[in-house]
Amino acid sequence: FKTVVKLKYLHQTTVTIVASLGYFIGGLARAWSAPGIQSLQGLDSNETVYALAQAPLSNELTSWITSLTPMGAMCGGIMSSFALLYFGRLKTLQISAFLYAIGFGLLGSSFYTSYVEAIMVSRILKGFSLGLCIPAAQIYVTECVDSNVRGTFGSFPAIAMALGIAICYIVGIYLPWHFLSFFCTGVSFFFGVFLIFIPETPQWLLSKRKENEARRSLEWLRGTSDVSSEFEDLNQKHSPDQAKSNKEGDAKRQQIWDKAMLEPFFISLMLMGFQQWSGVNACIFNIVSIFKSAESNISSDLSTVMFGMVGFVATLGSAFLVDGAGRRPLLMISGILMGLTMGLLGLFFHLQSIGSSDGYDWIPISSLVVFMIGYSLGFASIPYVLMGEILPTQFKNLFSGIAAFYNLGNTFLVIKLFSNISSSYGLQGVFWIYSGCSFTSVVFVFFCLPETKGKSVSEIEDIFHSKWASKDSKKIEDDFITKL
């Protein structure tokens with residue numbers, strides 16, 4: 001029995017780590033612009049040795065280079081719906097690994113060709129890969145692991161992304177932008193190789209009538225051949241015959257507008273929006289320039305590494321809390337901490353603008369470190385965990401793709417508008433907007449999000465179905481009484 005349990009969690013840990021490598025590379029892609037643009041502009045410690053031939057680039061051009069990754073990710077998020085449905089979770093991850101490698105390789109080679117256009121294309125390509133990978137990896141992990149560890153294992157992708165961000169900041173101190181890109185190319189190659197050795201999810205295989213493959217996949221994931229009960233449950237839920245018996249065409253089109261289907265989708269979208277408008281990606285993509293604007297006595301390189309490492313450690317810690325403390329408390333604590341720290345950072349830049357910031361040099365690094373702790377405790381991973389948990393099974397491919405598109409669309413807006421808003425209203429205006437959004441997220445979670453800790457996917461779906469069924473029943477009863 002102990003051997004079976006060990007093998008079971010060994011296999012589930014293996015597939016989780018391999019799938020999470022896609023998020024790790026996504027972290028590298030997100031963080032690349034912070035050290036990378038400083039390097040290609042000739043503004044880092046290497047001065048102009050590795051600067052692009054066209055440097056210095058205009059602020060408008062650098063803002064586009066920074067924001068093209070989330071723009072490409074928006075397209076990838078939409079395409080992920082079709083890729084997940086027709087190619088499966090595993091092949092979608094393999095496609096993203098291939099495109100990651102091409103994108104980073106093209107970016108590194110731009111040093112030798114001096115084509116700014118190649119940099120732009122590579123950033124879009126990396127973003128497209130990220131858009132494919134975000135829903136694919138999260139759904140893959142959710143469908144492969146047991147419900148009692150789904151919260152912890154479901155946090156691994158976010159942990160991997162936080163680690164990728166921290167590693168990129170550290171490596172970016174020592175490597176110029178093109179060598180940093182080639183480093184990321186190598187990681188992408190290994191990601192693609194590791195994906196060869198893990199199975200497709202049983203759920204997707206069953207949806208394609210591949211019952212024998214689905215059973216073998218489930219047996220490998222559980223470390224035992226005694227999976228009959230779980231396999232039958234999955235077979236009933238994901239069999240295409242069941243969909244046909246429900247007259248999938250018209251019935252499914254009507255069902256998508258069911259309130260019990262739309263509410264979890266709406267919750268997922270709102271959490272994705274709050275995650276982005278907390279300002280986390282504006283900080284990640286522009287962290288070096290933010291610290292330089294703060295004119296702190298602490299070096300911008302050291303501050304940047306501290307920011308990245310704190311994010312990783314805090315996200316790692318939250319993975320062990322999410323199944324114990326629950327989703328709701330962690331999200332509310334996360335929102336409060338982010339709101340307070342962004343508000344304090346905005347206050348610092350306001351004092352700086354009126355020449356009264358002397359003696360407050362500690363505020364920027366302290367605020368951003370605590371901000372990353374707050375973000376990592378909840379909003380770094382839980383929105384992705386919930387995307388895998390609460391989205392209805394029959395529409396998960398569609399809804400997860402739209403949610404990824406929405407999330408990455410907001411990422412693009414936050415990053416692209418950062419320089420515009422800061423130019424018009426100062427950095428204090430930007431951070432106060434982020435603060436207000438974070439406090440709003442606390443109110444939303446308190447009133448709208450049910451707790452999913454320890455519940456199976458079926459039990460979570462029942463929460464929304466029973467809620468709206470009781471409301472509809474009460475409405476019918478009230479209408480009947482009124483007519484009487």
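For all residues, glycine too, the Cβ spot is worked out from N, Cα and C.
All TrEMBL annotations are machine predictions without curation.
The shown structure was predicted, so the numbers you read here are calculated from the model rather than taken from an experiment.
The compositional bias 'Basic and acidic residues' annotation in TrEMBL covers 234-250.
Along the domain 'Major facilitator superfamily (MFS) profile' (15-453), the predicted structure has mean pLDDT 86. Annotated domain 'Major facilitator superfamily (MFS) profile' per TrEMBL: 15-453, in sequence order.
Positions annotated as region 'Disordered' by TrEMBL: 231-250.
The feature transmembrane segment is assigned by TrEMBL to 12-32 (among others).
Long-range contacts of the transmembrane segment (64-85) within its own chain (CB-CB distance under 8 A, at least 6 residues past either end) are made by residues 29-30, 33, 37, 57, 91-92, 95-96, 119-120, 123-136, 139, 204, 281, 285-286, 397-398, 400-409, 411-412, 415-416. Here TrEMBL flags 64-85 (among others) as transmembrane segment.
Feature annotation from TrEMBL assigns transmembrane segment to 97-115 (among others).
The transmembrane segment annotation in TrEMBL covers 121-141 (among others).
For the transmembrane segment (153-174), same-chain residues at least 6 beyond its ends with a Cβ under 8 Å from one of its own Cβ atoms are 12-13, 16-17, 19-28, 30-32, 34-36, 39, 45, 137-138, 141-142, 145, 180, 183-184, 284, 287, 301, 304-305, 307-309, 311-312, 314-316, 318-319, 322, 376, 380-382, 384-385, 388-389. Taken from TrEMBL, the feature transmembrane segment covers 153-174 (among others).
The transmembrane segment feature in TrEMBL is assigned to 180-199 (among others).
Within the same chain, residues 30-31, 33-35, 38, 66-67, 70, 165, 169, 298, 300-301, 303-304, 307, 331, 335, 338, 342, 364-365, 368, 371-372, 375, 379-380, 382-383, 386-387, 390-392, 395, 399, 402-403, 406-407, 410-411, 413-415, 418, 427, 430-431, 433-434, 437-438, 440-441, 444-445, 448-449 sit at least 6 positions outside the transmembrane segment (265-291) and bring their C-beta atoms closer than 8 Å to a C-beta of that stretch. The feature transmembrane segment is assigned by TrEMBL to 265-291 (among others).
If you look up TrEMBL, you'll see 303-322 (among others) marked as transmembrane segment.
TrEMBL lists 329-350 (among others) with the feature transmembrane segment. Here the transmembrane segment (329-350) has long-range neighbours at 271, 274, 278-279, 293-294, 318, 321-322, 357, 360, 363-364, 367-368, 370-371, 373-379, 382, 426-432, 434-436, 438-439, 441-442, 445-446, 449, meaning same-chain residues at least 6 beyond its ends whose C-beta is under 8 angstroms from one of its own.
According to TrEMBL, the feature transmembrane segment maps to 362-386 (among others).
As annotated by TrEMBL, transmembrane segment applies to 398-419 (among others). Counting same-chain residues at least six beyond the ends of the transmembrane segment (398-419), those with a Cβ under 8 angstroms from any Cβ of the stretch are 59, 63, 66-67, 70-71, 73-74, 76-82, 84-85, 127, 130-131, 134-135, 138-139, 265, 268-269, 272-273, 275-277, 279, 281-282, 285-286, 383, 387-388, 391-392, 430.
According to TrEMBL, the transmembrane segment annotation covers 431-449 (among others).
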